[in-house]
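Notes for the one structure printed next.
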């Protein structure tokens, strides 16, 4: 009896030791990813939130003793005359860009799904805008749209039109950066939607056409609904990419003239880095607003995708 | 799970924590006392350049090793602020002059008194950009400023003698003649950044206006001058988006009579293939307008280890000594900050005479004890000329709004 109880106790103890050791190992394996997440996601986010809640001057930035100022930076940002236009421009820029990118990307994807000769080559060519470094494509666009020596105005005047001040007129600047951004974003939509189309089995199309569906009906009744999950993720990613577009606008117009093409992203940069005297607090506050907007759409997507 | 697995996982974790990839981290700390960090905004120079050789030699003379890093000039302010926050400032920081007051305000820089830097020979108008509250926070390494380049062929064709351009009226009249002759008038940079403000200031100050009162009659007159040029087609609409480099490219293409640009384009001017000349920016009433000074200051950031200052002093004295300043300013295409060296420069290259005069008339943007108030004025000011030139506001309204924003 006693020997039996002893073995039992010993076995239990050994299993406890083994379990404890197993737990340590589990934590140790988890640690790299946790450290990575904390160091590169949680901490920067926390710092940005902290920056936006304190009154920073250059002096207090260096000393690290900026007083807590609550929502003061947010009030400053909301009451700034730039806020309204910047928010509006961000919305217009994002929605118009995405609408055109998605429509053009889908049309091209359907077109390339036909598998004609050279379709692979042409598709590869369409990727060029996505492959070019942004500084290259944005600078090229800004040369092409130059009021005086740009090729677009040269073309306009040679067909008898009036030249347009694409980048320097308050009524055209936003349109110009949107056009450039649509051009850059089409390949991304094309590639993802094309791969989505590949996943739709051909038999369904065959069955539909046997049932007498026209090409148009096949697209709207078969392709489009089956493409919905892929479309949703394309739109969400496009939204996040477009919300934060900064380099393109900064290179082409610097957000100007005046604030005509300023979005929240360029405004945030201008506040924090675009001046001799950095305003980190309001800059961080605008950055946080962008994060919140992206987060809202991300949550919407998750809720939609869940059931 | 066995112990070996645990060990491996822990090793990976430990590596992540201590950044085990950086092998030379240990050496740097042990040799810290003898290594002096110098940051400059001249990334175009590599280790084989005269500038870096000079830095190395000045370090060796002071008995230390210099570790030099070149940053993009727009990057350097934030890099310097962050480094100060981490108590990791370079020993010598060479920084654009309007930034000096920002860094001084942050408490990042030592004064020239503390560093026993001799600033007596430096022209007072150049030194003023680094002065705030009666203290001086650095010494200029050299200066540059703006003037008007002209294309001789275009002016000849329009029958304009550049020597007759003495004030705004004669300049505008010349632009009219050039346009009538089928050529383009003047190009400059009116972009919505500090660069645009830099280009606007010679006209703003040339009208007699003061940065503390943007919407004065003189300030509005300066803006009206620019916006009328655009309205009359004397200046292209592209100025709104021009950096000084793109503006230079427009001028170098050969169609423009005038281009407002800086000392640093002098080497490029020789490559344009047409005959050019340089006149100072005229003021409204006649004479040379005060243009803003460009160029960097040599500063010594505050160190927690004040024992390092002795060698820092020697390095700064070496960099700004007359002989070395001549070499540096020639390399950078700058005008020297002291009379004596300026005279040597003109003796060596008579073409620099007009630039030396322009630098003598020039004024620091942060001078007049404006200091860190300048950036808060400059931003509404560039907003104002962007608004007026793009036609969204008239000059008076633009300047009134700008003053309201700057006065906040």
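Cβ coordinates come from backbone N, Cα and C, glycine included.
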May I ask you to indicate which of A:59-85, A:86-112 is given in TrEMBL as transmembrane segment? A:86-112
TrEMBL lists transmembrane segment for one of the ranges A:4-23, A:24-43; which is that range? A:24-43
Stretch carrying transmembrane segment according to TrEMBL (options A:208-225, A:226-243, A:244-261): A:226-243
Using a Cβ-Cβ cut-off of under 8 Å, list the residues of the same chain that are 6+ residues beyond the ends of the transmembrane segment (A:172-194) and lie near it. 89, 92-93, 96-98, 100-102, 104-106, 108-109, 112-113, 123, 126-130, 134, 137-138, 141, 145, 164-166, 227, 230-231, 233-234, 237-238, 241-242, 245, 248-249, 252-253, 256-257, 260-261
At a threshold of under 8 Å on Cβ distances, which of A:24-43, A:86-112, A:124-144, A:280-302 pairs most often with the transmembrane segment (A:226-243)? A:86-112
Cβ under 8 Å, sequence separation of at least 6 from the ends of the transmembrane segment (A:86-112): give me the contacting residues as numbers and ranges. 119, 122-123, 126, 174, 177-178, 181-182, 185-190, 192-194, 196-197, 219, 223, 227, 231, 234-235, 238-239, 242-243, 245, 259-267, 286
